[in-house]
Structures are given as structure tokens and as C-alpha cells.
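S.K.: Here's the feature list from Swiss-Prot:
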ACT_SITE  391  active site, 4-aspartylphosphate intermediate
BINDING   391, 393, 785, 789  Mg(2+) binding site
BINDING   391-393, 502, 544, 549, 568, 597, 677-679, 759, 765, 788-789  ATP binding site
MOD_RES   2  N-acetylthreonine
TOPO_DOM  2-69  topological domain 'Cytoplasmic'
TOPO_DOM  92-96  topological domain 'Extracellular'
TOPO_DOM  120-303  topological domain 'Cytoplasmic'
TOPO_DOM  326-332  topological domain 'Extracellular'
TOPO_DOM  355-841  topological domain 'Cytoplasmic'
TOPO_DOM  863-874  topological domain 'Extracellular'
TOPO_DOM  894-923  topological domain 'Cytoplasmic'
TOPO_DOM  943-949  topological domain 'Extracellular'
TOPO_DOM  973-978  topological domain 'Cytoplasmic'
TOPO_DOM  1000-1006  topological domain 'Extracellular'
TOPO_DOM  1031-1047  topological domain 'Cytoplasmic'
TRANSMEM  70-91  transmembrane segment
TRANSMEM  97-119  transmembrane segment
TRANSMEM  304-325  transmembrane segment
TRANSMEM  333-354  transmembrane segment
TRANSMEM  842-862  transmembrane segment
TRANSMEM  875-893  transmembrane segment
TRANSMEM  924-942  transmembrane segment
TRANSMEM  950-972  transmembrane segment
TRANSMEM  979-999  transmembrane segment
TRANSMEM  1007-1030  transmembrane segment
């Protein structure tokens, strides 16, 4: 048999706005004071505001009470076919165009609209209840009369709000005071940015020093804040106290903010409200939900357009055969109404209900627990993926970091030699604690050991100090929290940090003798092997950013007064910061090839004068309102020169369970896997080999670093001469290639069995997805677990988020959410395949059902001199596509050609779907021919066998039509489910029972005769038997691939 010609509709923009903001008209936007601009907010005096601000109301509804019905109807009738059916129904009010009872056209349309309206109403009610619950939460507001209770919706800009532990922050605020002794608080931000690690926040120093919270109302102070924007990771502002002499000004940054939607994890805080309502960071980052339109839906739209063309052609032919006699234009309209069943009005409803079933089945699958379907509109996409783009860290790997290597240049310590590191640390502190009497000079061996111990100690101390980790003490049932914190109880201590890498490093320093036991915003405590506590003052902290790829900290040792600047970061940036050495680059490469994540650690000693000079310039830069980030970075960079290289650290991130067999399954299914990661080249390559993304006997072409067009041209030519090899390329080289040779590069890359892109920025990940879609026209699936994967996930045809240690941001942004990468195999091979095949069968059967009755109408009109008279009227035409055939046809969503275990065992079955065979122009044409044959057979058979009255034609043909549909469903089903049997018997019973009430259309006495029974039996047999024979012969002599596995 020849292959089907897959449907290839034009790829439209994949996302369309499915959520019109009907509940918020444009004129309401001006009520909040126009365009957002910087503001001055006086503490505790909302009446002093210099502009109008929006109410602090959360509103996630699409519509309000008045716009609900018009909004829903508009969203439905903007689709051509729904509008077309509305015009048909309205035409029945014109006497010259009426073909029967009004309900014949209005009931089906009303049913479709009722399903949509009910679904939207349920969603709106749920939204309203959630919004009301959030807006009604009660908070404490500080006023001159004391503390008063206020609802979240009544909070205003300038209010002083008190938020307790485990309470949600109701508005965007500046952090003024905390009840915590350490003068800071922790936030849980997982609902804002998806990250599960707690964030440290610091109050304004000036207000934290006030004796009580009530004193906030006694001072004259204000906050100057930037205009509202979507950036949740940055903030610029200043705090000014005017009643002091001289006035005090402090710069404000992200560390002083409490964004709405976050939760206070420690203590009780007081903040001043800056932004409310739609100006909240969380609201501005929440775009209207958008739906992806699946390729399957586009293909079905193509088919319905073909059917509409057929409808017009058939109507014109009927009128033409009448020689356009009389009022022929009215006849055209009547025939358009008569053959309107050619376009099935129930197709969209059936497919949407099918998608709901597929989503329910996915959620209920016990073999992929925790899987969530967030977009129920595209389950069929899972069955046709050609390119899978995956993140590395946390997706292919566990994101559970284990410290593996400490490298000092001349010596390296692995897991098997950590006791030596511990010995060096112990010897340093035991020597310091002893004050031995004068003795003979040390031997050479002793000097060497002391030198090595000193180097190891400096490295471990730097690792123990340079981080953003905070130890948190919790009650363990024996010791309460306060006592545990006071005694630094090991069993009660938990480390909180913004990255698993940070926790792994601090846990390792604890294992070798240097334990982080305490930290607040201004100090840090380390416990030594001799139970001595080292107190260090934190002078400055420079947090890690994706742009800088490094972090630093300046501390003062309280016992010696020494000031030290510690820094750690990626080798690509640290190589230009540390003093010249001849081993850094080589050893970084060696450790990366072992699959380790490498950090370079360095330090620099500062004199008091050097630090004071730096601090003055740094404070001045932080007070700048314009270009603050650039000025601050410039000041910090003045310190980052000629730093002393201390060590390299290697942390391993192990592969997730069953990653290798899952990738092998995907490869055998014809899916090409690309790994896009921000990690370094050597680490990414090593992980690709370990995961068998690149097979053992496969060559790897490492695309060398290129910086201009000429170099890119030469390297592409070199790559072109390679065959069947995996490609490894860095983000910098990728950017150059896409700038000058986008088409050539993508053409070559698409031919590779696997591609690894390292040092890849989030925007580049999304760009690669977009280019694959444009250049190949194939469906893409993006898999990730972190916030840097969100853009890639949203850009892909099908986004899958993995719930991991980096939070839920990717999971919440994805169409599907899984808990482990290995679940992806079953999601695609079983659920994706079944969803696509079931929807293909369902859509073609619904079309077949409509074409059958339309063919019968065409034959009937032709026989009776092309009269525009309906064959079936009233309840018959409505019941045909509802209670008589709806349940058996819809039961096809439960059908499957092979068992789940077989689909997983033979992923090659998935390849057939990539060619679009289940739904193609060929299969569509076959079903059209089947419909024409069966419709003609039934109608001509009824005309030949009826005896005297017209109602006999109706009875014979309609009964034969119902039985034919039921038999066709039975012949199509490949794996019977008990619900399918119930659907068949229930539909037949409904038809037989309803015959008693159909005396207006059917002769009840005639259908009880033997003559009726044998005529219906013969017609049904002639319409179905040849198709069964053809199906049997095809399975016998040209069986499909799946039948070979089930026979």
C-alpha cells in the first residue's frame, strides 16, 4: 500500500489568546491614574499620596456578571463554523427558507452552546470563590489609634501592614521591621518564581533600630520607588528620614522587598505598601492564559473547510440540474440548509470531550504518579513529537549535589581521601589551641605538612564562608527551637540556600571539621574541630547572578581584625580575575570530563584603608537612581583583580533513575533528542555520554569556538564533511552561526542523531525551538525543571515540566507536568499515541456519520426531481447525532490497538504516527467513499424495497442507518471495553424505545412486521458486509505493524 499523504496545514502562530479580558474593560484601566511612574510613599500616611493607585483587589475572572453571556457567545461565534450554524438557524425564521421545525436547527446549536456556557460558568464561579477568599483575608494595619484589622482588598499604598509567620504578603511592600533577633527574615517564594529555597530579606536599617513598631508613625519618612514593572528580581529605590539631622538616606534593593504572593517563613514583619492591585509584580508577570492550537486541530479545520467546499458544490450542482429555474438563489440557500449536515456541528464538542477523557486517563495512570495535565487542548501533540529538547541539570540529572573533588593545583582530594583534608583542618586548629614551649626548629617534613595544612585550611575556610547559606534550627521533639539555636544543636540544624550546590559545599565543610552554625545579615559563626566558635562580621555580600556567573563576600575576622574578600564562580569568568597560573584551565577541563560541576575559589586580603575606600564608592553607587546596576558592577570589578587562586571544587549531579532506557526508547521511536544546558562543554559532553544520549560507537564533533563570520564558515565546512556524528556546540559559537549561517547550520544540525548545546542562555533555548519549528515543520517537545527553561517550554509545541529541586516554575508554565524524566517515555509512547489515534478515529467517524445522512438526502432529492425537501425532520434529525449514535461513536476514545506494555516494548510503533497516517487526505478520502457507498446503498435499498407509503421509506432507511452506524463502530473497535458494549446496547435500546413516540414520522404498525425486519436486515448487511470483507483481506495480506504484535 502507498503511504498516506500527511496533512500539512500552514503553521500558524501557535498561541492564540483564549482568555479575552471581558471582565476588565479598557476604560477601567484609566481609573488607577494613567501610565505608571515613580512614586513617593509616606510611611503610614496614604492620604499624602501624589497620584491615584488601583485597589488591592485580585481578579482572575474573564467576565463579570454583565459581560459573561455576551463574552462567551462572542468567543464562540468568532469561529466561522459556529457563526455559520447560527446563520442557518436564524434563516429558519424566514418562511421561504424554512425546511422544518425550528428546533431541528436550534436544539443542536443550543446544545453545543450550553456545554460551552456551563463549562465557562463553572470555571468563572471557581475563579470568583478563589478571588473572594484571597481578597477577604484579614491583616493588621498600624495606625495612630493602634492596630486595626483590615481586609486585603482595603489595603492602600502607604499603609503600614503587619504580616505574621506563615501568612501571605498581601501587597508589594518595603521591609521595615522584624521581630527576629538576627534582624532578618526568610521568605517562601515558590508561588512567585517557582523556587523552593527560602530567600533572605533585610529590613531598612534605620527603621529596624527603632524601639517599637509604633515609632514608625512618629517619624517623618518616605520611600522613593521606581515605577511598577515586571522584574521580580530587581528593585531600585531610596528610604529617607527627614526628621533627623542631617536627613538619613538609604538605598533600597531587592533584599528590602516583600513581594505580594510570597509567604513569611520566620518571625513577624512590618512593611509599607508600595504597589497594589494590577501594579503588583505578581499580577504584572501573569499574562492572560494562552492556549496552544494543536497540529491535529489545524488538520481537522482543513478537513472541515474541504467539507464546506463540498457543501457549496453539491448545492450548486442541485440547482444547476434544475437549470437555475425560478428563484434559484433561494433554492441555493435551501440546499445549503438541507445539506448542512455535511459539516458536523458536534465534531468540536466530541473532540473537546475526548481531550478531557485523555487528560483524565493520564492523571489516573498509576505508573506515572503525580503527572498533571495543565493544557487539556493538545494531548494529541504527544503522539507526534519529532524533536525533544531537554535541559540537563534537574531534568536528566537528580539535582542532588554530592561533593566529589577538592583540587589545590599540586594535589587533589577525592571521596576516598577526605579524611586527609579532615586531618589537615584538625592539625591547624590543634596547633592554634596549644601554646607549646620553645623547642627545636621543625623538620623539613613538618614544614611541608604545615604548608599543605595551611593551603587546605584556607581553601576549606573560603568554601565555608563564601556562600548564601543560612543555618536554620528547628525543634526535634527533644530540644526546642530557641535552645537548639543557642546551643548550635547539630541534629536540629537545616541549611537553607538558593541553590543545591551551595548546600552541598557547606555540608562538605561540616564533614571535614568547619561547621557553619550561625548567620544573620551582619555576622557569621563557624565552629572548629576543637568546638571553638569563630566570629566573622559580614561587611558586604555580592550575590550570584546568571550574568556575572560568580558571587563574593567581604568578611572581617573578629579575633584578628583581618578583612578578606572571598569569591567563587565559573572558570570562564574567574580565569580573568585570579593571578596567572598554569593549571587552572587544564584541571577544570579534566574535572568537567568526569561529569563534575566546577567552581573556582579565590581570595584577596584587604587593608582597612582599601576597604573604607571601596565602601564609600560602593555606597555612593547604590544610592544612584539611574544606571545603578552598572555603577555598582563597576565598583565591584575594581576589587576583582589579581585575586589569589585557592582551589577548585567538583560537585557531582547524578543521573535520574532510568534516564538511559528512556532516551533509548525515544531514539527508537524516531525522536531526535537535543540537550540544551547552561553547564560547561566538558560536563555536558560527559553527561550526554553517561546518559547514552550519544552512543558508544558514535563520533562526536565538538564545534570549536568561533567569533566571526569567516571562522564560522570554515567550521561549518569541516562539520559538513562529518557523517552520522553527534554535535556539541557552545552558546557563543551558536550565536555566531545563527547570525550569519542560520539556514546552513540548522540544516546540518537536523541531520545529527543528537545535539548538545552548552553554555546556553534561556533565550537561546527558545530560539532553537522556534528555528526547529520553522525549518522542519515538525512538532517539538521541550522538557525542563527550572525557571531558565520556561521560555523554551512555552515556545515548544508541547511543553513538559519536571517538578524538581529548582522549584515549580517550569512545571507551572508547562502543558504537562511530570515528577521524573523516565515518565516521559510512557507519556509519549502510550498516552500520546493513544490520544492521537483515538482522536483521528473519532473525528473521521463523526464526519462519516454526517456524510452518510447527507448522501442519503442527496439521493432522495435527486430521485424526486431535485426537490429541496428534507428526508428526515424533527426529532429524527436531532436524535440521529445524539442519543442514537453519540455514545457508541464517542466510546472510540477508549479504544486501543495494542496494550500499554507492547507500546512501551516496541517504540517503533510510534514512528507510524510521525508520518500522519491515522489522519491524512488518504484516510479522509477513504471515509468519504465509505460514507457515499453506505448512504447510497441504504437510500436506494429503501426506495427499491418500500411498498406504498412514504413513511415506509423513512422507517426502513432510518433504521438501517442507525444499525449501520452501530455496526461500523463495532467493526472499527480493536479492543473492547465494557463501556463500549454498554454504549452500543444503550443506543439500540433508546432507538427501539423511542419508536413508540415517533408515530408522526414512522408507521409503528409497519415496523412490527416481518417485511420490515428482513428489508432492514438486507440493506444493513449490504452496506456493511463488503467493508468487513475488505478489512479482513487487508489484515490478512497487508496487516498494519501493530497487528503483527497482537496476532
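Any Cβ shown, glycine's included, is placed from N, Cα and C.
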S.K.: In the topological domain 'Extracellular' (863-874), how many residues does DSSP put in helix, strand and coil?
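M.R.: Counts, helix then strand then coil: 1 helix, 0 strand, 11 coil.
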S.K.: Counting only residues 6+ away from its ends, which parts of the chain sit with a Cβ under 8 Å from the transmembrane segment (304-325)?
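M.R.: Non-local partners: 81, 84, 331-332, 335-336, 338-340, 342-343, 347, 847, 854, 858, 861-862, 866, 868, 924.
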S.K.: Within this structure, do the transmembrane segment (842-862) and the transmembrane segment (97-119) have 3 or more Cβ pairs under 8 angstroms, counting pairs 6 or more apart in sequence?
M.R.: no
S.K.: Across all the protein chains here, work out how many other Cβ atoms are within 10 Å of the Cβ of residue 568 (ATP binding site).
M.R.: 26
S.K.: Treating G and I as helix alongside H, and B as strand alongside E, what does DSSP give for the topological domain 'Extracellular' (326-332) in helix, strand and coil?
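M.R.: Going by DSSP assignments, the topological domain 'Extracellular' (326-332) contains 5 helix, 0 strand, 2 coil.
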S.K.: What same-chain residues lie close to the topological domain 'Cytoplasmic' (973-978): Cβ under 8 Å, and 6 or more beyond its ends?
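M.R.: Contacts with the topological domain 'Cytoplasmic' (973-978): 891-892, 894-897.
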S.K.: Within 10 Å of residue 677 (ATP binding site) by C-alpha distance: pick out those among the recorded positions 391, 393, 785, and say none if nothing qualifies.
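M.R.: Matched recorded positions: 391, 393, sequence order.
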S.K.: How many other Cβ atoms sit within 10 Å of the Cβ of residue 785 (Mg(2+) binding site)?
M.R.: 32
S.K.: Among the recorded stretches 842-862, 950-972, 979-999, which has the greatest number of Cβ pairs closer than 8 Å to the transmembrane segment (1007-1030)?
M.R.: 950-972
S.K.: Work through the recorded positions one by one (391, 679, 789) and point out the residue whose CB has the fewest other CB atoms within 10 angstroms.
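M.R.: Counting other Cβ atoms within 10 Å of each of the recorded positions 391, 679, 789, the minimum falls on 679.
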S.K.: Rounded to a whole angstrom, what is the C-alpha distance between residue 391 (active site, 4-aspartylphosphate intermediate) and residue 544 (ATP binding site)?
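M.R.: Residue 544 (ATP binding site) has its Cα 21 Å from the Cα of residue 391 (active site, 4-aspartylphosphate intermediate).
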S.K.: Would you list, in sequence order, the binding-site residues among 393, 785, 789 whose CA lies within 10 Å of the CA of residue 679 (ATP binding site)?
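M.R.: So the list is 393.
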S.K.: Run through the topological domain 'Extracellular' (943-949) and tell me, per DSSP, how many residues are helix, strand and coil.
M.R.: 3 helix, 0 strand, 4 coil
S.K.: State the non-local partners of the topological domain 'Extracellular' (943-949) in its own chain: residues 6+ outside its ends, Cβ under 8 Å from one of its Cβ atoms.
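M.R.: Residues 859, 863, 956, 1003, 1011, 1015, 1018-1019 contact the topological domain 'Extracellular' (943-949) from elsewhere in the chain.
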S.K.: To the nearest whole angstrom, what is the C-alpha distance linking residue 765 (ATP binding site) and residue 789 (Mg(2+) binding site)?
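M.R.: A Cα-Cα distance of 8 Å.
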S.K.: What stretch, picked from 875-893, 924-942, 950-972, 979-999, has the most CB pairs under 8 A with the transmembrane segment (842-862)?
M.R.: 924-942
S.K.: Between residue 789 (Mg(2+) binding site) and residue 544 (ATP binding site), what C-alpha distance do you get in Å?
M.R.: 19
S.K.: Would you kindly give the Cα-Cα distance separating residue 393 (Mg(2+) binding site) and residue 568 (ATP binding site), rounded to the nearest Å?
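M.R.: Approximately 20 Å lies between the Cα of residue 568 (ATP binding site) and that of residue 393 (Mg(2+) binding site).
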S.K.: Taking DSSP as the reference, which of helix, strand or coil describes residue 568 (ATP binding site)?
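M.R.: Assignment for residue 568 (ATP binding site) reads strand.
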